[in-house]
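Peer 1: The structure's right below; bear with me while I get my questions together.
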Amino acid sequence: MTEQETYCGFIAIVGRPNVGKSTLLNKILGQKISITSRKAQTTRHRIVGIHTEGVYQAVYVDTPGLHIEEKRAINRLMNRAASSAIGDVDLIIFVVDGTHWNDDDEMVLNKLRRAKAPVVLAINKVDNIKNKDELLPFITDVSQKLEFKEIIPISAQRGNNIHNLEKIVRTSLRKGVHHFPEDYVTDRSQRFMASEIIREKLMRFTGEELPYSVTVEIEQFKLNDRGIYEINGLILVEREGQKKMVIGAKGQKLKTIGTEARQDMERLFDNKVHLELWVKVKSGWADDERALRSLGYIDE
């Protein structure tokens with residue numbers, strides 16, 4: 001019996017902060033592996049998502065949002081991570097918000113001019129455009145900025161046109177063996193996913209009160225004798241006032257964050273979880289490259 005030819009390739013998902021890159025990746029994979037928030041720059045690491053369908057395997061890299069502001073060490077590192085993801089891929093999906101184009105979009109576009117891989121422009125959030133007649137002038141304008149492989153309007157939130165985007169992706173995959181088993185959806189560890197889930201809940205339940213000077217370190221992740229994951233998470237903030245925001249009145253906010261995070265972990269890991277959270281002040285961690293290295297923001 002002749003073996004079927006298989007196809008595999010790497011695809012970078014890039015764009016400015018808060019255009020729906022992580023939502024798009026989660027929709028393609030059919031489950032959440034990249035955290036989402038209304039706040040900009042939710043994604044801090046390169047998240048790898050793997051989508052295998054028959055003979056095709058697409059390995060997606062969801063990057064931190066590229067932006068102009070680089071005052072803090074963590075912002076510089078996120079920009080560096082996003083830029084390096086563009087270098088060695090088979091296809092780049094450039095996600096933009098169809099409701100408006102800004103200077104950050106222009107900055108990303110300028111980086112893409114130097115990319116070797118073809119670029120697909122995914123115009124997201126078209127469901128938010130009430131007058132669809134406004135979309136055509138937007139497409140006409142951006143189509144003149146770069147020679148795109150394809151331009152496709154999508155709604156990552158609703159799943160509109162995602163199937164057609166995946167068809168475009170398949171045309172860029174190369175003949176070759178699959179890099180991951182077909183049941184893999186990410187190369188990230190459960191420990192890493194636990195920290196990301198906690199961070200997502202922090203951003204959701206602190207609203208605009210808490211800036212991005214917060215991170216999560218998993219101090220313990222083990223399966224106990226009863227088959228329950230015991231997870232201890234340390235939440236690091238930069239100031240005492242931020243610690244109080246996270247804990248909330250009588251510890252209620254921290255309790256809510258913990259409950260919601262535990263429920264998400266149990267769904268993702270398909271296992272019971274016992275989660276404990278602590279909050280600690282670590283001044284200046286987001287500007288300290290040694291601290292960022294120890295927290296996993298810099299690859300050794």
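Cβ coordinates are placed from backbone N, Cα and C, and glycine is handled just like the others.
The domain 'Era-type G' feature in Swiss-Prot is assigned to 7-182; the stated evidence is sequence analysis. Residues or ranges marked as region 'G1' by Swiss-Prot on the basis of sequence analysis: 15-22. The feature GTP binding site is assigned by Swiss-Prot to 15-22, 62-66, 124-127, with sequence analysis given as support. Among the features that Swiss-Prot reports, region 'G2' is placed at 41-45, with the record citing sequence analysis. What Swiss-Prot lists as region 'G3' is 62-65, and the listing cites sequence analysis. Residues annotated as region 'G4' in Swiss-Prot: 124-127. The domain 'KH type-2' annotation in Swiss-Prot covers 206-283.
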Peer 1: Within its own chain, what residues at least 6 apart in sequence put their Cβ under 8 Å from the Cβ of Val126 (GTP binding site), listed in sequence order?
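Peer 2: Result: Gly98, Lys132, Leu135, Pro153, Ile154, Ser155, Asn160.
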Peer 1: Summarise the region 'G1' (15-22) as counts of helix, strand and coil residues per DSSP.
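Peer 2: Going through the region 'G1' (15-22) residue by residue, I get 2 helix, 0 strand, 6 coil.
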Peer 1: For the region 'G4' (124-127), DSSP counts of helix, strand and coil?
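Peer 2: The counts are 2 helix, 1 strand, 1 coil.
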Peer 1: Would you mind checking how many other C-beta atoms are within 10 angstroms of the C-beta on Lys21 (GTP binding site)?
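Peer 2: 31, counting other Cβ atoms within 10 Å of Lys21 (GTP binding site).
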Peer 1: Take the Cβ of Asn18 (GTP binding site) and count every other Cβ within 10 Å, whichever protein chain it belongs to.
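Peer 2: By my count, 18.
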Peer 1: Residue counts in helix (H, G, I), strand (E, B) and coil for the domain 'KH type-2' (206-283), per DSSP?
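Peer 2: Residue counts for the domain 'KH type-2' (206-283) by secondary structure: 30 helix, 28 strand, 20 coil.
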Peer 1: Let's check the environment of Gly15 (GTP binding site): how many other CB atoms sit within 10 Å of its CB?
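Peer 2: I get 25 for this one.
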Peer 1: Over the domain 'Era-type G' (7-182), work out the mean pLDDT and round it to an integer.
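Peer 2: PLDDT averaged over the stretch: 83.
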